[in-house]
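Over in TrEMBL, the protein carries these features:
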DOMAIN    B:20-540  domain 'Cytochrome oxidase subunit I profile'
TRANSMEM  B:122-145  transmembrane segment
TRANSMEM  B:208-230  transmembrane segment
TRANSMEM  B:270-289  transmembrane segment
TRANSMEM  B:296-317  transmembrane segment
TRANSMEM  B:329-353  transmembrane segment
TRANSMEM  B:365-386  transmembrane segment
TRANSMEM  B:438-457  transmembrane segment
DOMAIN    B:582-839  domain 'Heme-copper oxidase subunit III family profile'
TRANSMEM  B:593-610  transmembrane segment
TRANSMEM  B:616-633  transmembrane segment
TRANSMEM  B:665-686  transmembrane segment
TRANSMEM  B:735-761  transmembrane segment
TRANSMEM  B:815-837  transmembrane segment
Amino acid sequence: MMRRVLWLETEHPMQLVLGLTIWSLWFVTAYGGLSVVCALAPPAPEQGALTGINLVLGGLTLVTLGFLAWMTQRCMAAARRKRGRLRYMSALAGGLYLFSTVSVAFVGLPLLMLPPCL
Amino acid sequence: MSDTQAPGKHERSESAQLHRELEVVWRNPRGWRALTVVNHSTLGLRFMATGLAFFLIGGVLAMLIRAQLALPSQAFMTPDIYHQITTMHGTVMMFLFAIPVLEGLAIYLIPKMLGTRDLLCPRLTAFGYWCYLFGGIILLSSMALEMAPDSGWFMYTPLSSGEYSPGKGSDFWLLGITFVEISALSAGVELTVSILRTRADGMALHRMPLFAWYILVMALMIVVGFPPLIFGSVLLELERAAGMPFFIVEQGGDPILWQHLFWLFGHPEVYIIFLPAAGIVSTLLPVFARRPIVGYGWAVAAVIITGFISFGLWVHHMFTVGIPHLAQAFFSAASMLVAVPTAIQVFVWLATLWLGRPRMSLPMLWILGFLVIFVCGGLTGVMLALVPFDWQVHDTHFVVAHMHYVLVGGMFFPLMAGFVYWLPLVSGRMPSERLGRLGFWLTFLGFNLTFLIMHWTGLLGMPRRVYTYDSAMGWDIYNLISSVGGFMLSAGIAMVLLDLALHWRFGRPAPPNPWGADTLEWGLSMPPAPYNFASLPTIKSRHPLWDNPALGDEMARGEHALADASHGRREILGGEVLTGRVRERIHIPSNSWWPLFAALVLAVVCISLLVRLYPLALGAFLVAVAMLLRWAWENGGHPIAAPLGDDEPTSPPLHSRTRGGPARFTMGVSLIADGAFFHSLLFGWFYLWSVSPQWQLPEQSPLDPMLLIGAGIAFALGMLWLERRLRRLYAGDETRLALAFYLIAALGGLHVLLLVALLWQADLAPTDNAHDAVLVVSLAYLLVHGLLATLLMALQGRRAALGYVGVRLPMEPGVVALFWRYQLGIYAILAVSLGVLPRVIGGGA
């Protein structure tokens, strides 16, 4: 039987910070990656938003979105099943994951439209 | 009748005996020995009183600024003096008033709200206070010496660098503020750990008062947010004093690095100031609305979200420095997002008022003032998050007005509400409604007159930090109105101070729980005893006093936990983070001279660095380290703390007799702060490498790979051995424990020696180029940590030999092991970043 990972339990206090930590890491990677590429090998402005860095960061955004949405769903479902403190922790975690998901989508949206280094 | 009275008399006598015992153990000494006090109530009040004194100084500076700007072409002040005064006004208000006064409030209130007797690290509270006081005095002395900093409160390079600010002003700022920040970090660490680990029995996270949630997030934000500024200040002072060119483009540095480091701290700081104030609002509103807060979970989620998102906004202060549009769009979007959790809180407050039966008492007046002003400030914040608008009003008085709406509205008004609300707890008397209302209206109207008008002044193009202006610009009337408003605001604050002065003599005696509140602090005597609670309650809901109004009397009669002080220890309960269930009895230290002495010697370090007496600074630093280690020596099983005995409590046990006591949490949270400093260092390295136009990597890394690997292996072997000995200790085997610890320390010593050799052979030229300067700072960082790890391990060996560490006292080596793991981790990361990556990518990249 597969060993359960304790901190992936929906009521674990780690869930209160995990979603937003992932948002932070994604944010730093997006900004840092963009800055490094623009400093070392900026793509031509004529390419618009269709550049390698936009694609890579866009892919990373989709993967991050997928994981956060999955965790949102898990926590929300657990909150419906549980009672008392466990319900509270799962619901709170679900809300925080939902916000993290929306934040990644909202902040990542300009990747579809803007050239990276202009 | 007499039958029923007899037990009552007996109980009263037992209760009086309990209070006498507690008084002996917890009392504050008087006279000179009052300087040794470590009690959280006394220190919280000292923080707030000192903050008030600094606030008045900052306020006088503000009035000088408004006097100068009241009329065009004024010669009331020279440009030099004006720049010193604006810089010091911002610095004093942000660093010496706003943060310390809120920390003081939290230090005073948190143990009382959580149902405990003190914070977890009382000596750290005292140390933080003394660092704050001495740092503030050093900073302010620059004004008396007419050499105050004058580069603006955010000290942008190159204006603040040696070339353009050759005087001592910038040094006063950098050293003084860093000193004060030790205080903020101390408070951040101990508030975090105290909230997580010392709540009353049964106070699970979902039953914790909202104020404690706000302070928890604020404290963690301090822990993560302050180190970038400390790191930046260290770099800038090294550049000014030793010529290491971190911010000089021609030598491979970059002045924009300072802006990143400053705003990495600076923007979260706005929320570090706002969150406790919002916590006051969330605590008071339900009391005056006479119902539980609507959406407790929403408020908690909003606070946590704010804590994270506020770290993703720092570049919005830098929209005009030439950052790609896409990156600006990231930060613009994040800046808009942060309005969401703030709006959630506003709706939670409005819904609570809507569904409750609000009473319009004096604290509510200040809260309504807050709601009006802060919402306006928040809306102009959303306007500024839009890049094109920001470009238009950047560095104008519009931004000054916005900042004051957010900070004064978001912090000062709630602080005043809290001040009026908790005053009866401190003094046992009620505030004056009449004087209080007069003070509020003068402050509210004066504030809006000053800063609402200032938005127009800014939109008309008046830049900030100009010492005068020409009448032809058309700004005269707006500035005059702002100045009149500023003095009206001062009159309001004077009224509040008058109320405070009269309060102690003429205030009406307060009845028990005068506002009908639900939180535990109102179950205490007014003013509270030094030990707060004679016995510690069990919590079953979020509203203990609403559920059981007699709880205060029950606690005072000793009917709850820990109703015994005959052992002579200062004891509190330690609980599980999530559930609040009791795990251990924590014995905390009593009054001590060490915090004051250590802070005094650090003040000598600070002053020696200012006057560039480096040998004295080094000597004083070593003395300070020795004092801090001596302070740490008096812990655990030491005779001054809690020596081993035959009849020790076992259910729950004393914390020093367990493996996982709160000291591990304290070390863990301290390492988070250290890690934030380390990340700033890494950020600086990679930033300069990728962005600085003149950065040059040498063709070959100057770091010898054999020494780099050797130092790592020596430390890793020590680490592995330590882990193995820990497992054996926990299994009950303490044979030759002291010897093992000494040998592990010897491996740490070898690591340090190899690091010194690495630094020596690299033959770096840190004053010639930024690359070598960063290498020196990085290696120095590793050396300091390696030395400390070695020293701590050697001391563990000595403690094991003396019987202060062993099978019955297993806590401390686990705490030191955390530090060793940290050192190994950062060593590996730095070895790869400084030694391996440049070899892989190659020079000239």
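Keep in mind that glycine also has a Cβ here, set from the backbone N, Cα and C atoms.
Within its own chain, the transmembrane segment (B:438-457) has Cβ neighbours under 8 Å at 66, 362, 365-366, 369, 373, 376, 380, 396-398, 400-402, 404-405, 408-409, 416, 475, 478-479, 481-493, 495-496, 498-499, counting only residues six or more beyond its boundaries. Across the domain 'Heme-copper oxidase subunit III family profile' (B:582-839), mean pLDDT in this model comes to 94.
Here the transmembrane segment (B:365-386) sits apart from the transmembrane segment (B:122-145); fewer than 3 CB pairs are under 8 Å, leaving out pairs fewer than 6 apart in sequence. Within the same chain, the transmembrane segment (B:329-353) packs against the transmembrane segment (B:270-289): three or more Cβ pairs sit under 8 Å, each pair at least 6 residues apart. Long-range contacts of the transmembrane segment (B:270-289) within its own chain (CB-CB distance under 8 A, at least 6 residues past either end) are made by residues 94, 98-99, 102, 105-106, 209-211, 213-215, 217-218, 221-222, 225, 299, 303, 306-307, 310, 345, 348-349, 352-353, 355-359, 361, 363-364, 367, 370, 406-407, 410-411, 413-415, 417-418, 421, 515-519.
Same-chain residues lying 6 or more positions outside the transmembrane segment (B:296-317) and placing a CB less than 8 Å from one of its CB atoms are 206, 210, 213-214, 217-218, 220-221, 224-225, 259-260, 263-264, 266-268, 270-271, 275, 278-279, 282, 323, 327-328, 330-332, 334-335, 337-338, 340-342, 344-345, 348, 384-385, 390, 542.
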